[in-house]
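Peer 1: Annotations for this protein, taken from Swiss-Prot, read as follows:
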type	residues	note
BINDING	CYS329, CYS331, CYS334, HIS360	Zn(2+) binding site
COMPBIAS	422-432	compositional bias 'Basic and acidic residues'
REGION	390-432	region 'Disordered'
Amino acid sequence: MKFTLSTVTKCSGRLGVLGGLDRLPNLSLQTPAFIFHTKGGSIPHLSKEAMQHVSGDPSCFLHLSISNTLHMQEAIKASRITIAEFIAQSNCATLLFVRDPSEPPIPGLPEKDSLPIYTRNGRRNITLEQYMTLVETFRPDAYVPLYDGDTDASSSKKRDQKSLDRTEKFVEQCLEWHRKSDALQSSCLIGPVVGGYNEKLREQSVAFLRQSDDAFAGYLIEGLHMHGPSVARMDGSAALGIVANVCKQLPEAKVRLCFGSYDPALVLEMVAAGVDVFDTSYVYLKAAQEHRALVFSFDVTSTEQEHVTELDTTDARWAEDFGPLLPGCKCYTCQKHSRAYVHHLHNTREMLGPILLMMHNLHHYVEFFKAIRHHVANDSLPELRNHLAGQKSLPPYEPPKEEKLPMPAAQKAELMEPMEDLGEKQNKKQRA
């Protein structure tokens, strides 16, 4: 995998092209860009046919995580094919990572020589040998070595130091395994930068990885958050400071990745700081868990006075609104369906609801990144940032509370009866 840097602007980030894969030499990705977040190798809620309505080009870059692909190992091994062939995505690049950006890890202490992975069957500790055996079975186009990046702004210095020490140990062993492996000669490595919110530890992590710079096709900035919906509540300014400092130390000729469900405003800040590639977990969480459609504006020439960033499809006010989710949107959902229909699908718990929301949100995100690249090329990203900053956001999503069914009268009466003394119960038994 090769990254070609084409433009570095003064205040808008940089433009480049990611490509040069051994398996797919003609596949490329214009950056800044995103790769598609997947569950078990599939984009959540969308079939390959539905994806054609989002992006006419069937070729793309896929983000795979071992937490929801681990169960495929035995089947892929028996089939003697790559994971790209197994998930019927041979025309797509497969990038394998440790964590799923949409899933928060379960709290717990990590083992000394293993990393906890949170699968659909619960927590499982995976050793370096097990991880590299899995990578050899999958044979992805690119992968990240095993690392400990479970830190956030609340992590102690001791935890950040442990994260760095464990990661350095894992990376050294992975590099040695990779060099000796015949199965991984066509797979690229991506170096994980860890260290929490400690700038000195981040510098040490970058310095350690750059000792083997030739072995890495790019770098992944990790350890900023604990993934999942909580990313929306993180301190964006603190994370941005760490990202900007790390990007200054990384080589310009290598691609920089940073994953998480970041809101669009923070994405723009990270692009300006030098990040090249993101993921679509933000789109998935908005559609599947929050039932919200992305409607933020990225047209800086718009004269509309008020913009909102999201549309809550669960709101009863859309029950008789037969307009599209976003006026002027060219996606399949907005062209064929209305707000009232999507609201109805939510009320009836129809499977089509999240499908239509995912199609709209992904299309909107595709167009958003086109606008980002346009503004980076013209060094006008601050205009887009200011335009987005003036838009109104909905209150943070709160999951609905489970309604308790009313207790039957007979059961309630039993609970209200005074409890008998233990001695009285024994006396009754003796008399009986």
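Including glycine, each Cβ sits where the backbone N, Cα and C put it.
Show me how these features fit into the structure around them.
Peer 2: Within 10 Å of the C-beta of CYS331 (Zn(2+) binding site) there are 23 other C-beta atoms, taking all protein chains into account.
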Peer 1: Can you see whether DSSP assigns CYS329 (Zn(2+) binding site) to helix, strand or coil?
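Peer 2: Looking at the DSSP assignment, CYS329 (Zn(2+) binding site) belongs to neither helix nor strand, so coil.
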Peer 1: What other residues of the same chain, not counting CYS329, CYS331, CYS334, HIS360, have a CB atom within 8 A of the CB centroid of the Zn(2+) site?
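Peer 2: The answer, listed by sequence position, is ALA293, PRO324, LEU325, LEU326, LYS330, TYR332, THR333, GLN335, MET359, HIS363, HIS364.
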Peer 1: Within 10 Å of its Cβ, which one of these binding-site residues (CYS329, CYS334) has the largest number of other Cβ atoms?
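Peer 2: Output for this query is CYS334.
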